[in-house]
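S.K.: Sharing a structure with you now.
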Amino acid sequence: MTSRMTDLVRSTTFRWALGIALWSALLALAMFGFVYWQTAAFLREELAETLRLEVRAAAEDPAGAAGRVETWIAMDRHATHYGGVFARDGARRAGNLVARPPGLARDGDAARVGATIETTDGPVADEIWATALALPDGGTVVIGHDTDEIDRVRATTLRAMGLGLAPALVLSGLGGLVLASRARRRLAATEAALAGIRRGDLRRRLPVGTRDDEFDRLARDVNRMLDEIERLLEEVRSVGDAVAHDLRTPLTRLRARLERSREQATSVEELRAAIDQGLAWIDQTLAMVTAILRIGEIEHGRRAAGFAGFDLATVVREAAELFAPLAEDGGISLAVAVADGAVPIRGDRDLVFEALANLIDNAVKFTPPGGTVRVGLAETGRGALVTVEDTGPGIPPPERARVFRRFYRAEPARGTPGNGLGLGLVAAIAGLHGFSVEVGEAEGGGARFAMLCPREAGPSRDAPFKTKARDPLSRVGEG
Amino acid sequence: MARLLLIEDDAATAEEILGDLRGRGHDVAWAATGPEGAERARGAPVDAIVLDRMLPGLDGLSLLQALRGAGDRTPALVLSALSDVDERIRGLRAGGDDYLAKPFVLAELAARIEALLRRPADTRETLLRVGSLEIDLIAGTGRRGSRDLDLLPRELTLLEYLMRRPGQVVTRALLFEEVWNYRFTPRSNLIDVHLGRLRRKLEAAGEPPVIHSVRGIGFTLVPDDPAP
C-alpha cells in the first residue's frame, strides 16, 4: 500500500493533476483578490465622495456649519457618522469629535486618520475616514465616517475566499488523485503485460481501451510490433527446426554407415567406399550450413565491397552457357534470348551470376527431357528484366509466395536433390541489389522467374526486399 | 617438395593440415600464434605460407600486411573460418594470393598450394604444346596430333588452363574461379559435365585419355607421348 502510494506520488499523471489543482487554486485566489480589491475601492470611493460633498456643503455656509455637522451626525442612528466644527484655536464648537484629528489636511479630501470620538460612554479612539476644510474665520469643519463598513466587506470577502478556496483545493486535489490513479491502474496493467513479455511470454498483449486515445493507439502499435516479433521468432524457430532436421538426416545416415562399415567391412576397399560416402554426406551438410550463413550475410548487406559496374548481358549469357552441357545431357533445349549490346549495371558480379545460376539450375532440374528452358534479358522502361522460364510442372499459385522462403520445396521437388536454399539465396541477392524477383507461370504451365534490375538499383539496406516476402526470414528456397 | 609455413592456432586443425601436406611430401613448419609465425616467416625463407585469418597475438591479415610491407613476396594462402563474404576481398587486399574458407577439403588446400608454388612462368605465350596437344590462342584452334579439334571458346580456355599446368591437380573450384572467372560453388557435376565434353572431343578418334579425374577433387592433364 505504501509503495503504491509512493508510486502514485511519483507518477507523472499524479504530478500533473497536483499541478493543475494548484494552478486552479492560484487562479481562484487571484480572481477573489481582484474582486475584493475592486469592491473595496468602489466602497471607499463612494464614501470619500459623500464625505467630500458633505464637508464642502458645510464649509460653504460657515454660519450653518455647526448645524449641518449635527444633522450629518444625527443621520445615522448607529453612530457611524462623525463630525466637528473647531475654532481657530482648536476648541470644539460642535460635533462628536473631541478634537480635530491630527494629520488631517484641510483640503477637502478623504483620508483614513485616527480620531477621538465622544460617546455616551466617554471618549473612544478609533480609525475613521474623514475630510476637513478651513472656515473663513480660521476654524475647521470635519466630516467623518467610521471604517467598519469597509473592514466588514474585507473580512467577509476574505472569509468567503477562505471558505471557498479550501473545498476547491480539496476537490481539485481529489479529482487529480482520481485521474492519476485511473491512469495508474491502466499503466499498471500495461506494465504487468510488459513484464510478462520480458519474462518470455510473447503471447501477451498490452490492454487496449475503447476510447481510442493516445494510450490506446500506442498500445495498439506496441501490440502490432509484438505480433511481428512473435511471427519472426516463430519463423526463426521453424527455420531452426528445419536446419536441425536437415542436418540430422545426413548425420544419421552417416553414423549408421560408419557403424555398419566398422562392424562388417571385410576389406580396406569397403572401408574406403564407406568413408567416401560419409565424406559426401558431410559435404552435403556443410554446403547447407554454408548456404544458410551466406544468406544471412547477404541479407545483412555485408557485401558492399564487391559492388562494381559490369555488363549484365555477359553475365546472363555466361550463366546460361554454364548450364548448356548439363541441359543438353538431360535432353533439354536451353534457349538464350539476349539482345546484342551491353546492359551496364552496378552490383556484385559474382553474386548476380550465382543468383542467375541458381534460377537456371532450378529450371533445368525441374524440366523433363524434351522440355525447354528459356533464359531472356530485355530492357524495359523500369530496368533490365531477366527471365528464366521452363516447361516443368510449374509452381501452383498458392505456393508462389512461399517459394522464396528458406527450406521451402515444392511438392514435386521433394524427390530431387537440393537443400531448399537456392531460391532463398536468389531472394537475398536480389534484395541486396534492390532487384525484385517474382515467380509466375510460363506459357505451357511451367515456372517463370522474373528478376527486375532497376536502372538506379544499388545496395539498398533500408527497403531492400521488394520480393514477395518482406521480412528477412521468410525468403526463398527451392532447389 | 616445398618448404611451407603453416600459421594456425587450432592444434587439431594444424595437425590434420600438417599430416596431409607432409604426406604429400612437403616440408612444413608450424607456428601457433601470429608473433611466432611472423618471426618464422622473417627467419628461414619458405616457398609458401598458409595462415589463418584469426590468430592469437597478431591477426593473420595484419601479419600478412607487415610481411608485404617489408618486401616479402612469398606466396600466401589465407584460411578463414569467417563466413563473411567480403572476407575474401579483405584477405586478397591484405596481400594474400589465394583464399580458402573453412571448412575446406584437404585436397583443395593442397591443390591450391600447388597452384601457388607452380604459377605458370610465362602466360603471354600463345602457342602451347603439351604431349600431342597443341593450341593456338590467337587463332583459337586446337589439334591433337594431326587431328583438328572443334573447340568452343570456353573449352579452349579450359584446355589452355590445364595445358599451362601439366601434371598438376586442379580442383573444380579452382577451374571455376580461373576459367569461368566467377566465385561461387556450383553443383559439383556442373564442371564435370564441361570436362567430360572436352574430354570426348580430345579422345574422339580413340586416342588415349589426357585429362584424368582425380577422385573427389578435380582433374589433371597428364602429357601423353607426342608422337602418335
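Cβ from N, Cα, C; glycine included.
Per TrEMBL, the features are:
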DOMAIN    B:3-117  domain 'Response regulatory'
MOD_RES   B:Asp52  4-aspartylphosphate
DOMAIN    B:125-223  domain 'OmpR/PhoB-type'
DNA_BIND  B:125-223  DNA-binding region
S.K.: Under 8 Å between C-beta atoms and at least six apart in sequence, can you list the same-chain neighbours of the residue listed as '4-aspartylphosphate', or say none if there are none?
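M.R.: Within the chain, the residue listed as '4-aspartylphosphate' has Cβ neighbours under 8 Å at B:Ile7, B:Glu8, B:Asp9, B:Asp10, B:Gly60, B:Val78, B:Leu79, B:Ser80, B:Ala81.
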S.K.: Which whole-number mean pLDDT does the model give the DNA-binding region (B:125-223)?
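M.R.: On average, pLDDT over the DNA-binding region (B:125-223) sits at 89.
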S.K.: Could you tell me which three-state DSSP class B:Asp52 (4-aspartylphosphate) falls into?
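M.R.: It is in a strand.
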